[in-house]
Amino acid sequence: MASDAPPTSMLQPEERNYSQVVFSRVEQSYVPGIDIICYFTYTSGFHPAKKDWVGIFKVSWKTTREYYTWVSADCEEQGLEKRVTFKAYYLPKESDDYYQFCYVDQKGEVRGVSIPFQLCRKIQDEGEEDILLVTTEEEAQGMKEKQRVLEEKVAALEKDKCTLQDECTQLALEQKNKAALIESLQAQQLECAKKNEELDQQNQELERQLEEEKCKNGSLHLKVVSAEEERERVQNDIRSLQLEQNQLKEENMELHKHTNDMEFSLKKYSEEAKNQEEEVQELKDKLWDAEAKHHLLQVQLQDIQMEKKKDKYSIELLTKEAEKVADLRQNLEKKDKTMETMEKQLAQLQRENATVLRQMEDLSYTLELRKAEISDMQQQRVRDGAEIEHLNRLLTEQSSSTPRNQGLFFQNPYESESLISFANEPQPGEAPGGSSVRHVQMQCPECGSEFENFQVFQDHIFCHDLESTE
């Protein structure tokens with residue numbers, strides 16, 4: 001017996017498969033401590049495998065995992081009847097339980113079941129010496145209960161026996177039908193053999209005629225070979241054109257994707273330029289406010305200087321009047337302090353104005369850089385559009401040269417000129433941070449109208465699209 005576990009299944013077996021292996025010469029009981037030989041026969045529709053096995057199962061088992069012991073069903077018996085031997089060491093102990101042989105295939109499915117048997121000593125015959133048994137009332141009651149259980153088991157076994165007998169009758173009938181079918185098939189085989197001989201003769205005659213036709217059609221064969229070679233060459237050309245066409249399609253898709261990325265970047269830079277223009281406008285407003293405050297302070301400073309001059313003139317005229325001079329000096333000191341405070345405020349405002357001017361210069365320079373980047377991207381988009389148009393022409397030419405493979409035409413979405421143009425570009429030698437702020441000029445390709453607001457320009461283009469669809 002092999003040391004590893006046999007193939008089993010957790011599923012409950014189907015009883016319709018139990019008749020594929022038939023057990024024979026099964027005793028009603030076997031003596032414990034002695035090897036048991038199990039005999040079985042395969043039916044004509046069953047094909048055994050090397051991993052098939054025979055096991056001893058306790059009656060009322062549910063799955064093939066509940067075996068008590070097992071041996072491999074692979075044996076070298078030449079006859080129809082096979083046999084395997086269960087060693088006494090692995091057999092169940094003596095008891096009143098019933099067991100049965102089961103044949104299990106390599107998938108863990110039951111293919112044959114034997115009648116039940118017991119492992120117990122044989123009961124002595126009536127002619128043997130009688131033995132006087134003295135039992136108590138409890139033992140007698142237990143024996144009666146045990147006898148009742150045995151009678152129930154015997155009744156169940158009788159029922160199983162009737163079922164098995166019916167199955168055997170059905171199997172015998174099936175075997176008889178199969179024998180008749182075999183005889184019919186043998187007769188058909190003889191008839192087929194005769195027809196096969198006739199067909200062989202016809203085949204020989206046809207082969208002779210075929211040889212004659214081959215001799216006659218030698219030149220045609222050469223033409224067919226030449227045509228096949230030409231067809232193969234054309235197919236190779238078509239395959240190479242298809243590969244080239246697929247490559248061009250992939251390049252076209254890559255360019256299309258790159259163009260979409262550039263459009264997204266262009267839109268992003270346009271939004272940034274618009275935001276920076278708004279920041280520049282805010283800084284201009286702040287600068288105008290600061291200049292207004294600066295002008296007001298200058299006017300106030302001029303008034304104070306005029307008053308200071310008047311006070312000095314009054315001091316020169318009223319040097320003789322001590323009290324007036326003292327009062328005037330006190331007023332002059334107060335006004336001097338006020339003037340120093342206002343001069344400090346003016347210096348602070350001048351520093352703030354310088355900072356704002358530097359920020360405006362930086363933003364103007366950044367805006368000019370953004371405009372240059374957008375112009376470069378527009379030029380790149382025009383170049384990509386021309387390249388896509390060139391690829392489309394190549395695809396159209398290849399599609400027209402291959403009639404069985406219709407090519408795809410990819411329309412260039414960037415054939416028209418760029419809709420956005422930037423006016424007032426910085427002239428050579430002009431600093432990016434000039435005093436004037438340049439505005440983005442957008443021109444409509446349909447009617448030639450110019451716009452400074454990007455949203456108004458988009459709405460105008462959308463109106464043209466609606467008119468064209470109507």
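Quick reminder: no glycine exception, Cβ is built from N, Cα and C everywhere.
Positions annotated as Zn(2+) binding site by Swiss-Prot, on the basis of sequence analysis: C444, C447, H460, H464. The C-beta environment of C447 (Zn(2+) binding site), restricted to residues of the same chain at least 6 apart in sequence and closer than 8 Å, consists of H464.
Across the coiled coil (132-368), the prediction's mean pLDDT works out to 82. Marked as coiled coil by Swiss-Prot: 132-368.
Per Swiss-Prot, the feature motif 'CLIR' maps to 131-134; the stated evidence is similarity to another entry.
The motif 'LIR-like' annotation in Swiss-Prot covers 201-204, and the record cites similarity to another entry as its basis.
Taken from Swiss-Prot, the feature zinc finger covers 441-464. With helix defined as DSSP H, G or I and strand as E or B, the zinc finger (441-464) counts 11 helix, 5 strand, 8 coil.
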Binding-site residues: H460, H464 - member with fewest neighbouring CB atoms within 10 Å: H464
Cβ-centroid neighbours of Zn(2+) site C444, C447, H460, H464, 8 Å, sequence order: P445, E446, S449, I461, C463
For the motif 'LIR-like' (201-204), the number of residues DSSP places in helix, strand and coil: 4 helix, 0 strand, 0 coil
